[in-house]
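According to Swiss-Prot, the feature domain 'FAD-binding PCMH-type' maps to 21-186, an assignment based on sequence analysis. For ARG165, GLU285, the entry in Swiss-Prot reads active site, with the evidence type sequence analysis. Under the heading active site, proton donor, Swiss-Prot lists SER215.
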Amino acid sequence: MQLENIEILENHSLAPYAYTQAGGLVDYLAIPKSIHELKVLVNWAKELGMPVQVFGRLSNLIVRNGGLRGLSILLHDLRDVVVDQNKIVASAGADLIWVTEQAFEHGLSGLEWGAGIPGSVGGAVFMNAGAYGGQVDMVVSSVTALMPDGTLQNFEKKALEFGYRKSVFQSNGGIIISATFELQPDSCTAIRTRMDENNFKRANKQPLNYPSNGSVFKRPEGYFAGKLIMDSKLQGVRRGGVEVSKKHAGFMVNIAHGTGNDYEDLIHYVQKTVYEKFGVHLETEVRIMGER
(Lines of atoms letter the chains of each structure in order from A and count residues from 1; the text may use other names and numbers.)
(Lines give C-alpha, C1' and ligand atoms only; values in the text may rest on other atoms or scores of the structure.)
Protein backbone atom coordinates (compact mmCIF):
# COMPACT_ATOMS: atom_id res chain seq x y z
CA MET A 1 0.00 0.00 0.00
CA GLN A 2 1.02 3.63 -0.48
CA LEU A 3 0.82 6.59 1.88
CA GLU A 4 1.81 9.90 0.24
CA ASN A 5 4.14 7.94 -2.10
CA ILE A 6 5.65 6.07 0.86
CA GLU A 7 5.59 2.32 0.33
CA ILE A 8 4.20 0.37 3.28
CA LEU A 9 4.74 -3.40 3.21
CA GLU A 10 2.17 -5.64 4.87
CA ASN A 11 2.88 -8.88 6.77
CA HIS A 12 6.56 -8.56 5.94
CA SER A 13 9.49 -10.46 7.47
CA LEU A 14 12.21 -8.58 9.35
CA ALA A 15 14.68 -11.46 8.94
CA PRO A 16 16.31 -10.20 5.70
CA TYR A 17 17.12 -6.87 7.39
CA ALA A 18 18.41 -8.31 10.69
CA TYR A 19 22.03 -9.13 11.50
CA THR A 20 20.84 -12.44 12.99
CA GLN A 21 18.94 -13.27 9.78
CA ALA A 22 16.04 -14.24 12.07
CA GLY A 23 12.75 -12.65 13.03
CA GLY A 24 9.00 -12.93 12.54
CA LEU A 25 6.57 -10.94 10.44
CA VAL A 26 5.55 -7.37 11.17
CA ASP A 27 2.05 -6.09 10.42
CA TYR A 28 3.39 -3.08 8.52
CA LEU A 29 6.93 -2.11 7.51
CA ALA A 30 8.09 1.22 6.09
CA ILE A 31 11.46 2.76 5.26
CA PRO A 32 11.20 6.58 5.19
CA LYS A 33 13.61 8.61 3.07
CA SER A 34 13.19 11.88 4.98
CA ILE A 35 12.16 13.27 8.34
CA HIS A 36 8.93 14.44 6.70
CA GLU A 37 8.12 10.88 5.64
CA LEU A 38 8.94 9.64 9.14
CA LYS A 39 6.49 12.16 10.61
CA VAL A 40 3.79 11.15 8.11
CA LEU A 41 4.21 7.48 9.05
CA VAL A 42 4.13 8.11 12.79
CA ASN A 43 1.02 10.30 12.47
CA TRP A 44 -0.72 7.69 10.31
CA ALA A 45 -0.10 4.96 12.88
CA LYS A 46 -1.19 7.25 15.71
CA GLU A 47 -4.45 8.09 13.94
CA LEU A 48 -5.19 4.36 13.60
CA GLY A 49 -4.19 3.61 17.19
CA MET A 50 -1.31 1.37 16.09
CA PRO A 51 1.88 0.85 18.08
CA VAL A 52 5.05 2.11 16.38
CA GLN A 53 8.52 0.58 16.63
CA VAL A 54 11.52 2.37 15.12
CA PHE A 55 14.78 0.59 14.33
CA GLY A 56 18.13 1.37 12.74
CA ARG A 57 19.97 -1.58 11.24
CA LEU A 58 18.60 -4.36 13.49
CA SER A 59 22.04 -5.31 14.79
CA ASN A 60 20.98 -5.48 18.44
CA LEU A 61 17.45 -6.86 18.18
CA ILE A 62 15.82 -10.27 18.40
CA VAL A 63 12.24 -10.51 17.10
CA ARG A 64 10.28 -13.54 18.24
CA ASN A 65 8.60 -15.81 15.68
CA GLY A 66 5.15 -14.30 16.27
CA GLY A 67 6.43 -10.96 15.01
CA LEU A 68 5.45 -7.40 15.86
CA ARG A 69 2.07 -5.75 15.80
CA GLY A 70 1.50 -2.31 14.35
CA LEU A 71 3.98 -0.31 12.28
CA SER A 72 7.71 -1.03 12.21
CA ILE A 73 9.94 1.69 10.74
CA LEU A 74 13.52 1.18 9.55
CA LEU A 75 15.65 4.33 9.44
CA HIS A 76 18.54 3.02 7.37
CA ASP A 77 17.73 5.35 4.44
CA LEU A 78 18.26 8.38 6.73
CA ARG A 79 22.04 8.21 6.53
CA ASP A 80 23.45 11.70 5.88
CA VAL A 81 26.88 12.40 7.37
CA VAL A 82 28.28 15.96 7.49
CA VAL A 83 31.77 16.83 8.74
CA ASP A 84 32.27 20.38 10.05
CA GLN A 85 35.74 21.07 11.48
CA ASN A 86 36.02 18.77 14.52
CA LYS A 87 32.35 17.77 14.53
CA ILE A 88 30.41 15.11 12.65
CA VAL A 89 26.63 15.31 12.39
CA ALA A 90 25.27 11.90 11.44
CA SER A 91 21.68 10.88 10.75
CA ALA A 92 20.23 8.07 12.84
CA GLY A 93 20.29 5.52 10.03
CA ALA A 94 23.94 6.12 9.11
CA ASP A 95 26.17 3.08 9.50
CA LEU A 96 28.45 3.54 12.52
CA ILE A 97 31.32 1.92 10.59
CA TRP A 98 30.90 4.52 7.81
CA VAL A 99 30.91 7.38 10.33
CA THR A 100 34.09 5.95 11.85
CA GLU A 101 35.69 5.91 8.38
CA GLN A 102 34.64 9.53 7.78
CA ALA A 103 36.28 10.52 11.05
CA PHE A 104 39.50 8.79 9.94
CA GLU A 105 39.48 10.45 6.51
CA HIS A 106 39.16 13.88 8.14
CA GLY A 107 41.83 13.25 10.78
CA LEU A 108 39.39 13.16 13.69
CA SER A 109 40.00 10.87 16.65
CA GLY A 110 37.55 9.47 19.19
CA LEU A 111 35.57 6.91 17.20
CA GLU A 112 38.28 4.32 16.62
CA TRP A 113 36.50 1.92 18.97
CA GLY A 114 33.58 1.91 16.51
CA ALA A 115 35.62 0.40 13.67
CA GLY A 116 33.95 -2.85 12.73
CA ILE A 117 30.92 -2.43 15.02
CA PRO A 118 27.73 -3.16 13.05
CA GLY A 119 24.66 -1.02 13.52
CA SER A 120 23.36 2.50 13.09
CA VAL A 121 24.19 5.79 14.78
CA GLY A 122 20.70 5.88 16.29
CA GLY A 123 21.05 2.40 17.73
CA ALA A 124 24.50 3.20 19.10
CA VAL A 125 23.18 6.32 20.86
CA PHE A 126 20.06 4.50 22.12
CA MET A 127 22.20 1.78 23.76
CA ASN A 128 25.26 3.96 24.52
CA ALA A 129 27.31 1.43 22.60
CA GLY A 130 30.99 0.99 23.24
CA ALA A 131 34.04 -1.24 22.95
CA TYR A 132 37.77 -1.30 23.64
CA GLY A 133 37.69 1.57 26.11
CA GLY A 134 35.51 3.87 24.01
CA GLN A 135 31.81 4.64 24.27
CA VAL A 136 29.17 6.85 22.67
CA ASP A 137 28.85 9.12 25.71
CA MET A 138 32.54 10.03 25.40
CA VAL A 139 32.09 11.63 21.97
CA VAL A 140 28.42 12.62 21.46
CA SER A 141 27.72 16.26 22.35
CA SER A 142 24.05 16.50 21.34
CA VAL A 143 21.18 14.54 19.79
CA THR A 144 18.08 15.63 17.87
CA ALA A 145 14.94 13.53 18.35
CA LEU A 146 11.34 13.43 17.17
CA MET A 147 9.22 13.48 20.31
CA PRO A 148 5.81 11.84 20.88
CA ASP A 149 4.09 15.25 20.53
CA GLY A 150 5.50 15.58 16.99
CA THR A 151 8.13 18.23 17.77
CA LEU A 152 11.85 18.02 17.07
CA GLN A 153 13.86 18.47 20.26
CA ASN A 154 17.59 18.95 20.75
CA PHE A 155 19.18 17.19 23.71
CA GLU A 156 22.49 18.47 25.06
CA LYS A 157 24.84 15.92 26.58
CA LYS A 158 23.66 16.16 30.19
CA ALA A 159 20.03 15.64 29.14
CA LEU A 160 20.94 12.38 27.37
CA GLU A 161 21.25 10.63 30.76
CA PHE A 162 23.84 8.16 29.51
CA GLY A 163 24.71 5.11 31.60
CA TYR A 164 26.10 1.66 30.92
CA ARG A 165 24.18 0.61 27.77
CA LYS A 166 21.54 3.21 28.64
CA SER A 167 20.24 6.56 27.37
CA VAL A 168 17.21 8.75 27.99
CA PHE A 169 15.63 7.46 24.77
CA GLN A 170 14.93 4.10 26.37
CA SER A 171 12.27 5.81 28.50
CA ASN A 172 11.16 9.11 26.92
CA GLY A 173 9.62 7.84 23.67
CA GLY A 174 11.82 10.00 21.45
CA ILE A 175 12.91 8.79 18.01
CA ILE A 176 16.57 9.64 17.44
CA ILE A 177 16.99 11.68 14.24
CA SER A 178 20.67 12.62 14.34
CA ALA A 179 23.68 12.86 16.63
CA THR A 180 26.60 15.29 16.79
CA PHE A 181 30.01 13.78 17.54
CA GLU A 182 32.69 16.10 18.91
CA LEU A 183 36.12 14.69 18.09
CA GLN A 184 39.80 15.59 18.41
CA PRO A 185 42.26 16.25 15.56
CA ASP A 186 44.95 13.60 15.13
CA SER A 187 47.08 12.16 12.36
CA CYS A 188 45.30 9.80 9.99
CA THR A 189 48.15 7.32 10.43
CA ALA A 190 47.67 7.13 14.21
CA ILE A 191 43.89 6.87 13.85
CA ARG A 192 44.15 4.08 11.25
CA THR A 193 46.60 2.18 13.45
CA ARG A 194 44.12 2.16 16.35
CA MET A 195 41.25 1.17 14.04
CA ASP A 196 43.29 -1.69 12.58
CA GLU A 197 44.24 -2.90 16.05
CA ASN A 198 40.58 -3.05 17.08
CA ASN A 199 39.56 -4.79 13.86
CA PHE A 200 42.37 -7.32 14.35
CA LYS A 201 41.12 -8.09 17.87
CA ARG A 202 37.59 -8.57 16.56
CA ALA A 203 38.65 -10.86 13.74
CA ASN A 204 40.69 -13.02 16.12
CA LYS A 205 38.18 -13.24 18.96
CA GLN A 206 34.73 -12.97 17.39
CA PRO A 207 32.76 -15.35 15.11
CA LEU A 208 32.37 -12.91 12.25
CA ASN A 209 31.59 -15.65 9.70
CA TYR A 210 28.09 -16.30 11.11
CA PRO A 211 25.03 -14.06 11.56
CA SER A 212 24.82 -12.75 15.13
CA ASN A 213 23.90 -9.81 17.34
CA GLY A 214 27.42 -9.49 18.66
CA SER A 215 27.73 -9.47 22.43
CA VAL A 216 24.48 -10.86 23.87
CA PHE A 217 24.89 -9.99 27.55
CA LYS A 218 25.91 -6.92 29.51
CA ARG A 219 29.01 -7.16 31.66
CA PRO A 220 27.95 -8.15 35.19
CA GLU A 221 29.72 -6.20 37.90
CA GLY A 222 32.93 -7.96 38.89
CA TYR A 223 32.70 -10.56 36.12
CA PHE A 224 32.94 -11.10 32.37
CA ALA A 225 29.85 -12.65 30.79
CA GLY A 226 31.86 -14.61 28.24
CA LYS A 227 34.07 -16.22 30.89
CA LEU A 228 31.08 -17.20 33.03
CA ILE A 229 29.48 -18.84 30.00
CA MET A 230 32.72 -20.56 29.03
CA ASP A 231 33.30 -21.81 32.60
CA SER A 232 29.74 -23.16 32.56
CA LYS A 233 30.79 -25.28 29.55
CA LEU A 234 28.06 -23.84 27.38
CA GLN A 235 30.04 -23.21 24.20
CA GLY A 236 28.58 -25.25 21.36
CA VAL A 237 25.21 -25.65 23.11
CA ARG A 238 22.33 -25.22 20.65
CA ARG A 239 18.67 -24.44 20.62
CA GLY A 240 17.26 -25.00 17.15
CA GLY A 241 19.59 -23.36 14.66
CA VAL A 242 21.28 -21.02 17.15
CA GLU A 243 24.50 -21.91 18.98
CA VAL A 244 26.66 -20.43 21.73
CA SER A 245 29.76 -19.61 19.71
CA LYS A 246 32.74 -21.93 20.11
CA LYS A 247 35.01 -18.98 19.27
CA HIS A 248 33.60 -16.40 21.72
CA ALA A 249 31.26 -17.53 24.50
CA GLY A 250 29.59 -14.12 24.68
CA PHE A 251 28.19 -14.51 21.16
CA MET A 252 25.28 -16.58 19.86
CA VAL A 253 25.42 -17.41 16.16
CA ASN A 254 22.80 -18.46 13.63
CA ILE A 255 24.31 -21.60 12.10
CA ALA A 256 21.25 -23.33 10.62
CA HIS A 257 18.22 -21.16 9.85
CA GLY A 258 17.71 -20.24 13.49
CA THR A 259 14.67 -18.26 14.58
CA GLY A 260 13.99 -15.48 17.04
CA ASN A 261 12.50 -18.04 19.42
CA ASP A 262 15.66 -20.16 19.14
CA TYR A 263 17.71 -17.14 20.23
CA GLU A 264 15.42 -16.41 23.16
CA ASP A 265 15.33 -20.06 24.28
CA LEU A 266 19.12 -20.28 24.21
CA ILE A 267 19.48 -16.98 26.09
CA HIS A 268 17.17 -18.21 28.85
CA TYR A 269 19.04 -21.52 29.09
CA VAL A 270 22.40 -19.74 29.39
CA GLN A 271 21.02 -17.35 32.02
CA LYS A 272 19.58 -20.24 34.05
CA THR A 273 22.76 -22.33 33.85
CA VAL A 274 25.12 -19.48 34.78
CA TYR A 275 22.90 -18.44 37.69
CA GLU A 276 22.73 -22.00 39.04
CA LYS A 277 26.50 -22.40 38.78
CA PHE A 278 27.75 -18.96 39.86
CA GLY A 279 24.76 -17.10 41.34
CA VAL A 280 25.17 -14.34 38.74
CA HIS A 281 22.25 -13.10 36.63
CA LEU A 282 23.24 -12.22 33.08
CA GLU A 283 21.26 -9.26 31.77
CA THR A 284 20.78 -9.11 28.02
CA GLU A 285 22.41 -6.37 25.99
CA VAL A 286 20.25 -7.29 23.00
CA ARG A 287 16.57 -6.30 22.93
CA ILE A 288 13.97 -9.06 22.59
CA MET A 289 10.60 -8.04 21.16
CA GLY A 290 7.47 -9.47 19.62
CA GLU A 291 5.03 -12.30 20.20
CA ARG A 292 6.01 -15.94 20.60
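Note that Cβ sites are derived from N, Cα and C of the backbone, with glycine treated the same way.
Note that the structure is predicted; figures quoted are calculated from it, not measured.
Positions of the features from Swiss-Prot, shown on the structure.
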{"residue": "ARG165", "record": "active site", "DSSP class": "coil"}
{"residue": "SER215", "record": "active site, proton donor", "DSSP class": "strand"}
{"residue": "GLU285", "record": "active site", "DSSP class": "coil"}
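In this view, GLU285 (active site) is surrounded by 19 other Cβ atoms within 10 Å of its Cβ, with every protein chain counted. Every protein chain considered, the tally of other Cβ atoms within 10 Å of the Cβ of the residue listed as 'active site, proton donor' stands at 21. Under a cutoff of 8 A between CB atoms, and with a sequence separation of 6+ in the same chain, the neighbours of ARG165 (active site) are MET127, ASN128, ALA129, LYS218, GLU285.
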